[in-house]
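The block underneath contains the structure these notes are about, expressed in structure tokens.
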Amino acid sequence: MSEAFDCAKCNESLYGRKYIQTDSGPYCVPCYDNTFANTCAECQQLIGHDSRELFYEDRHFHEGCFRCCRCQRSLADEPFTCQDSELLCNECYCTAFSSQCSACGETVMPGSRKLEYGGQTWHEHCFLCSGCEQPLGSRSFVPDKGAHYCVPCYENKFAPRCARCSKTLTQGGVTYRDQPWHRECLVCTGCKTPLAGQQFTSRDDDPYCVACFGELFAPKCSSCKRPITGGSGGGEGAGLGGGKYVSFEDRHWHHSCFSCARCSTSLVGQGFVPDGDQVLCQGCSQAGP
């Protein structure tokens, strides 16, 4: 008598039948499938021993059931995305859920590098500076009326330009004759001393510090021969630095220098008598030589 060779579950003889050997013993094919096979998450049928089984996120599928839920394309050898537990091929996912690039109008594929700003989406290689047309990537940019500029292009296009060097002012600066200047560009035409924050004047639109303007253009005091910085014209006036002066005919004096050539009495606001290159008070003039 031959030794018994039965299925470990149904106890039916396996002689002459197909069976599957396991650690716990041999099983006929139906018992093996009922005992060990996984249930397909799509069709809810057992995945038999002779079926190709696919596994994704704790779920098991027949190869034929592993499909895009929209177009039914097999995903066995295709890239796919899971959205709300549903499997979608990349094409269907992009159509349903992906954004369109605001520049080229093409779909921004899942996993691709993209940039989002102001509710819009771009491929990384499509987000370009409106000036130089170079990719902005992670660089700083300035939005302007729907355009986007890298900082150098924005400054070159929109920033004010210095009246002296014509280069853009990116920060600070001063205003002279209603025009912007770099602080370092507003210097005395004579000695090149910076004039920002200092008192200065101009001649023929060129700025000068008080000292250079006096040396170059101001009339000289008839007494001390030093320059008088201020306005021109007869009578009394105020110099550029606030110092007062006196003019008579073609001669000029500092207030402190306008005095009688003999007795040194100040003649400011007093009557005086010219005597050649000198001026005398009335008393000294009447006293004679």
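Counting starts with 1 at the first residue shown.
Including glycine, each Cβ sits where the backbone N, Cα and C put it.
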- Query: Given 7-31, 32-56, 132-156, 207-231, which one carries Swiss-Prot's zinc finger label?
  - Reply: 7-31
- Filtering LYS114, LYS244 by Swiss-Prot annotation N6-acetyllysine leaves LYS244
- Record (Swiss-Prot) lists N6-acetyllysine for one of LYS157, LYS192, namely LYS157
- For LYS157 (N6-acetyllysine) and LYS244 (N6-acetyllysine), what Cα-Cα distance in Å is obtained after rounding to a whole number? 48
- Going by DSSP, how much of the zinc finger (7-31) is helix, how much is strand and how much is coil, in residues? 3 helix, 9 strand, 13 coil
